[in-house]
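Student: Sharing a structure here in structure tokens format.
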Amino acid sequence: MSTVRDSKGRERVPSAASLRRVRWYQEARWKRLVALLVLAVVGAQVTGVQGTSTDIFYALGENFTGTGIWIWLALCVGVWVIREFLSEPVNRGWVASRDRVSQPVARVRGVWQADPRLRYGGGALLLVVLILLPLWLSTYWQQVMVDQIAIFVLLAIGLNVVIGWAGMLDLALWRFLPSGPIRRRSGRVRCRWSLRWC
Amino acid sequence: MSLQDFWDVFVLGVVLGSLYAVIAIGYTLVYGVLQLLNFAHSEVFMSGGFGGLIVLTVVVPAADPSGIQSAGYVLLGMLAGAALGGGVAYGLERVAYRPLRRRGAPRLVFLITAIGASFFIYNLAGKIFGRNASRMPSMYENKTLFTLFGAPINVTQALVVVSAVLMLILVDFVVNRTKLGSGIRAVAQDPEVASLMGVNIDKVVSRTFVLGGLMGGVAGFLYGTTTQVWYTMGFLPGITAFAAAVLGGIGNVRGAMLGGMVLGVVEAMTVEIWGDAWRYVGAFAVLVAVLMFRPTGILGERVARTA
């Protein structure tokens, strides 16, 4: 730090500079360490045992004494050490590998974007594959495609219309979802899916 | 409904309404400062219940306490609830909202973040403390204290109403009389001008969250003593308290108190007249009716901005 001489000729650290000076414990890295330690504790809870209501301290005790929390702590402290002390070689390696990948990707993208026939053809091929895909899949994955993917894709398209295009926040839109499968059988309204509020 | 029934139900409604009022303050304070619908506030409420439960499970002996001991336990439970509620609210602001504020995220992102944080917190509580309801340890003998217009009032009801009213007075004092309160009001009016005048916005926002969280935590503890504590206990009271804040005029602290009381009484009356299945219909019908004629709520002055 540069020093200045005051009117009596003594060496002084300029006051603004001494205010700006960051002591070792004020560095942002300790804040990041604390955040990562909190993350480790929360992660140990999330991946730990399921608690019971009869003994509310059971899960806390298990999670704080088990091996899970040590794994989490080691992971988080490891990330912190790499981030704070090894960032330069890691960054260099990352940039180098990115450059190696990005050039061929850019070439392929150039070919792809130059010819619209290629784009539409690729899209059509993807569509055909998606249409034919259920024929090759087991019943389980067919159900996954419908129940857990396609339904939510449709919902997302609907939300995109209302929120994205019309600009209205419609939190209740997905409540229309149960109104589809309702049908009358023997005088009672029944619902096919056991979604949470369906 | 005879007059006697009316008073009985009115007492129930005031008890419920005072809880709603205390929770609604958390919503309305945060909305006033950030124009943010903090849906995770119901989880702050829930964690207040768990805070009281944790401390009282450790502290309270099996034998029924009485007298000064009971008062001590109640106070301890409230403090624990307030501490955990305030802590969760602070952590929420720090982890979920402050990074978004720094980046100037659009308001929709805040809302989705609030919903996600709410899911995360209540499922974390379900994971740690089990998914069934737990009963608060008995801190006192819940006998009838006195009768009001013939309606018996027991210890829990008196406790809820008295502590809620005290908290409402405290919040009103803090918002209208203290330095923090003038900071909150300044940021609510115009954040840019407030920061030019030397108000530290980060600090004010953080303390607003903590203030709302303290209230919500105590309310969660009180709610837990009247019923039970479980991981989704915040959902319905949270939604109703949010409706109460809107009814009173969101962003307005006294409006939230009034709206909470009105909704509590209306809900109790609805249950008495039409049955438990109609519990929320009456309250929300009143909300719709009021908003039709006063879109800014009963005491609201500012036009509610869209979320």
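Cβ coordinates come from backbone N, Cα and C, glycine included.
As annotated in TrEMBL:
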TRANSMEM  B:6-32  transmembrane segment
TRANSMEM  B:44-64  transmembrane segment
TRANSMEM  B:70-92  transmembrane segment
TRANSMEM  B:104-125  transmembrane segment
TRANSMEM  B:145-175  transmembrane segment
TRANSMEM  B:204-223  transmembrane segment
TRANSMEM  B:280-300  transmembrane segment
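If you look at the structure here, what lies around each of the features I listed?
Tutor: Only residues 6 or more beyond the boundaries of the transmembrane segment (B:204-223), in the same chain, are considered here, and those with a CB under 8 A from a CB of the stretch are 19, 22-23, 25-27, 29-30, 33-34, 38, 41, 44-52, 77-78, 80-90, 92-94, 97-98, 101, 159-160, 163-164, 167, 171, 174, 180, 183-184, 186-187, 194, 233-234, 237.
Same-chain neighbours of the transmembrane segment (B:280-300): 236, 240, 243, 246-252, 254-255, 258-259, 262-263, 266-267, 269-270, 274, counting only residues six or more beyond its ends whose CB sits under 8 Å from a CB of the stretch.
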Student: Compare B:70-92, B:104-125, B:145-175 by their Cβ pairs under 8 Å to the transmembrane segment (B:6-32) and return the stretch that comes out on top.
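Tutor: Against the transmembrane segment (B:6-32), the leading stretch is B:145-175.
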Student: Could you pull out which residues elsewhere in the chain have a CB under 8 Å from any CB of the transmembrane segment (B:70-92), counting only those six or more residues past its ends?
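Tutor: Here the qualifying positions are 26, 38, 40-41, 43-45, 47-52, 54-56, 59-60, 117, 121, 136, 139-140, 159, 163, 206, 209-210, 212-218, 220-222, 224-225.
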Student: Quick test of the contact rule: Cβ under 8 Å, at least six residues beyond the ends. What residues does that give for the transmembrane segment (B:44-64)?
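Tutor: Distant Cβ neighbours of the transmembrane segment (B:44-64) are 23, 26, 73, 76-78, 80-85, 87-89, 92, 121-122, 125, 129, 134, 136-141, 212-213, 216-221, 223-225, 229, 231-234, 237-238.
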